[in-house]
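Enquirer: Just passing along the structure, written as structure tokens.
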Amino acid sequence: MTAGLFWIAGAYLLGSIPTGLLLGKLYGIDVRNEGSGNIGATNLYRTVGRKVGILTLTGDCLKGLLPVLLAWKLGHAEPMQAWVGLAAFCGHVFSVFLLFKGGKGVATALGVFLALAPLAVLGALAVFILLVAVWRYISLGSIMAAAVMPLIIFFRPHSPQLLIATVLIAAVVIIKHHSNISRLIAGTESKFKA
């Protein structure tokens, strides 16, 4: 039990590292005051540039991927891996270094699920790519990919703990997109430009 709490706390602290904020500051920009104000890859892409956006995406994804892979490598079963992944995700969204504020969690969730359920990621990624290709809204693709992920996990042979973690992650991702949802409804959401 103590080892499990250690892993969960460590994953949370790793997830709490604000990748986008730190990369933005390297370029003299506080992304919380630019664009959407979000510290995630999409805002970095739009306000700082493509390279920094991709670096942010990679860093945020690794924050979810690495602790889960390490827990797996050290012999922890899927239920503990799921809690470790949830902790890393919560660290990103509710960062201890940002007074429990943070990003929307999409890239970190991607990393978590690449480690825990890579086949399920393919299904969610297909939904994301299709919606972004047709409507050009990153937020819509992210919201719908999050929404389908628990359904995919439900129909795959995974532990109940992973399903619970997936439902919680999906719910938080969708809730964190509340302002995007309002803009989508109003027709004022920014479209993705490659």
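Heads up, the Cβ atoms here are built off N, Cα and C, so glycines get one too.
From Swiss-Prot, for reference:
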- 3-23: transmembrane segment (TRANSMEM)
- 52-72: transmembrane segment (TRANSMEM)
- 80-100: transmembrane segment (TRANSMEM)
- 112-132: transmembrane segment (TRANSMEM)
- 135-155: transmembrane segment (TRANSMEM)
- 162-182: transmembrane segment (TRANSMEM)
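Map the listed features onto the structure and describe their local environment.
Expert: Within the same chain, residues 30-32, 38-41, 43-44, 48, 52, 55-56, 59-60, 63-64, 66-68, 71, 76, 80, 83-85, 87-92, 95-98, 102-103, 108 sit at least 6 positions outside the transmembrane segment (3-23) and bring their C-beta atoms closer than 8 Å to a C-beta of that stretch.
Counting only same-chain residues 6+ beyond the ends of the transmembrane segment (80-100), those with a CB under 8 A from a CB of the stretch are 4, 7-9, 11-18, 21, 39, 60, 63-64, 67-68, 71-72, 108-109, 111-113, 115-116, 159, 161-162, 164-166, 168-169, 172, 176.
Proximity of distant same-chain residues to the transmembrane segment (112-132), defined by a Cβ-Cβ separation under 8 Å and at least 6 residues beyond the stretch ends, is recorded for 61, 64-65, 68-69, 72, 78, 81-82, 85-86, 88-89, 138, 140-142, 144-146, 148-149, 152-153, 156, 158, 162, 166, 169, 192.
Sequence-distant neighbours of the transmembrane segment (135-155) (same chain, 6+ residues past either end, Cβ-Cβ under 8 Å): 42, 104, 106, 109, 113, 117, 120, 123-125, 127-129, 162-163, 166-167, 169-170, 173-174, 177, 180-181, 183-184, 189, 191-193.
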